[in-house]
Amino acid sequence: MAEQQKIKKSPHVLLIPFPLQGHINPFIQFGKRLISKGVKTTLVTTIHTLNSTLNHSNTTTTSIEIQAISDGCDEGGFMSAGESYLETFKQVGSKSLADLIKKLQSEGTTIDAIIYDSMTEWVLDVAIEFGIDGGSFFTQACVVNSLYYHVHKGLISLPLGETVSVPGFPVLQRWETPLILQNHEQIQSPWSQMLFGQFANIDQARWVFTNSFYKLEEEVIEWTRKIWNLKVIGPTLPSMYLDKRLDDDKDNGFNLYKANHHECMNWLDDKPKESVVYVAFGSLVKHGPEQVEEITRALIDSDVNFLWVIKHKEEGKLPENLSEVIKTGKGLIVAWCKQLDVLAHESVGCFVTHCGFNSTLEAISLGVPVVAMPQFSDQTTNAKLLDEILGVGVRVKADENGIVRRGNLASCIKMIMEEERGVIIRKNAVKWKDLAKVAVHEGGSSDNDIVEFVSELIKA
């Protein structure tokens with residue numbers, strides 16, 4: 001039985017993620033935790049996202065109710081709209097969400113709180129119109145949120161100097177900050193304004209949530225708690241990979257991409273323990289042919305087994321000589337995989353990652369050493385966290401043209417797979433894996449914050 005917390009009434013929460021896989025997953029996992037505490041949970045996603053998911057998902061979030069609203073791009077979703085998407089989503093989504101709330105209320109359904117993606121701050125305005133408490137959910141690291149907040153408040157000036165400081169975190173070099181802060185000339189773009197707009201009305205939110213855990217960013221979290229009612233509720237992975245307290249919770253259950261699952265698992269089963277380098281850069285990264293060539297050569301030169309996720313549309317960039325390596329069984333190329341199952345497999349010894357925060361948390365939670373190869377957004381800061389602060393990986397630097405060269409990448413892979421520093425990194429990875437599990441266990445820091453939120457919800 002999944003753990004159940006006895007409460008006097010069953011409150012109802014709407015969860016509204018931004019319609020990207022990396023944002024939807026944390027919301028779903030948080031929803032499952034809330035349900036285990038006796039809270040009724042409804043996920044509100046876009047019509048396009050829901051339709052896309054039904055095509056690929058083999059599992060369902062049976063315990064979470066699903067509702068859909070329009071983002072104004074019901075056919076093509078956010079990828080079809082470009083920079084106009086954010087404004088379209090705000091205008092159309094606000095009305096569609098209001099209509100949904102009216103519909104639910106007319107059916108006798110109460111809504112006690114709306115927890116929304118920080119990237120859709122306009123949801124809070126809708127919630128306030130209906131007298132409903134709101135909570136902003138940040139899917140990025142606390143330190144990244146702090147950097148954006150300090151810029152928003154004018155406490156950090158742009159363009160940046162050579163170094164940047166925020167409370168509770170070691171000094172960052174300019175190149176270690178989120179990319180949008182480095183390229184300040186792009187600061188007026190809609191996506192940039194959205195990042196700073198996360199804080200426009202946040203003081204009106206009753207709660208602020210973050211997908212992190214206390215030991216991971218202890219001092220930054222303590223500072224953040226001085227300004228907001230912060231609930232630290234991560235890592236938001238399926239329970240099977242952490243505390244195993246939720247029955248049959250093995251998958252996010254809301255997949256936008258079709259995974260080559262059995263092919264991956266069968267291939268990994270034939271490989272020795274910690275012998276495979278897993279290479280994946282998330283759903284949004286698109287490498288040019290030159291970078292794909294450099295990654296290929298690095299993997300071949302490293303003489304390791306490798307599993308590389310590269311989307312069908314990108315396969316044409318793969319060099320012809322790679323097919324010979326694939327035929328030997330030393331490498332496997334797939335369009336998508338169930339990353340958690342791959343990282344949890346004993347044959348995987350290293351993760352070459354773009355350092356999106358979901359992938360960052362997954363690597364930490366499953367104890368897999370990383371080669372950090374950040375691409376954009378917050379990933380440069382996450383890479384610093386993994387390498388310099390946690391000691392669970394090593395950063396590979398790009399050249400002046402933004403290309404990571406084969407020699408640098410191969411050197412980092414060998415460092416983790418073969419050298420003494422790799423042994424130290426692996427020990428650190430095990431330590432942080434254990435700390436992540438403790439956080440979500442009963443009485444752990446994240447579990448306590450969820451219990452506290454439920455208590456506050458009931459008293460509303």
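A Cβ is built for glycine as well, from the same backbone N, Cα and C atoms used for every other residue.
It should be emphasised that the depicted structure is a prediction, and the values quoted were computed from it without experimental measurement.
What Swiss-Prot lists as anthocyanidin binding site is His23. Positions annotated as active site, proton acceptor by Swiss-Prot, on the basis of similarity to another entry: His23. Taken from Swiss-Prot, the feature active site, charge relay covers Asp117, and the record attributes it to similarity to another entry. The UDP-alpha-D-glucose binding site annotation in Swiss-Prot covers Thr139, Gln339, His354, Asn358, Ser359, Glu362, Asp378, Gln379.
Of all Cβ atoms in the shown protein chains, 23 besides its own fall within 10 Å of the Cβ of Glu362 (UDP-alpha-D-glucose binding site). Taking CA atoms as the reference points, Asp117 (active site, charge relay) and Thr139 (UDP-alpha-D-glucose binding site) are 8 Å apart. Nearest Cα neighbour of the residue listed as 'anthocyanidin binding site' among the listed binding-site residues (Thr139, His354, Ser359, Asp378, Gln379): Thr139. The recorded positions examined here are Asp117, Asp378; by Cβ neighbour count within 10 Å, the least packed of them is Asp117. Cβ packing within 10 Å was compared across the binding-site residues Ser359, Gln379, and the lowest neighbour count falls to Ser359. Across the binding-site residues listed here (Thr139, Gln339, Asn358), the residue whose Cβ sits among the most other Cβ atoms within 10 Å is Thr139. The number of other CB atoms found within 10 A of the CB of His354 (UDP-alpha-D-glucose binding site), across every protein chain shown, is 22. Max Cα-Cα distance over the annotated UDP-alpha-D-glucose binders (Thr139, Gln339, His354, Asn358, Ser359, Glu362, Asp378, Gln379) is 20 Å. Under the DSSP three-state reduction, Asp378 (UDP-alpha-D-glucose binding site) is assigned to coil, being neither helix nor strand.
Annotation note: His354 (UDP-alpha-D-glucose binding site) sits in a coil segment as assigned by DSSP.
A simple way to gauge crowding: the CB of His23 (anthocyanidin binding site) has 21 other CB atoms within 10 angstroms, across all the protein chains here.
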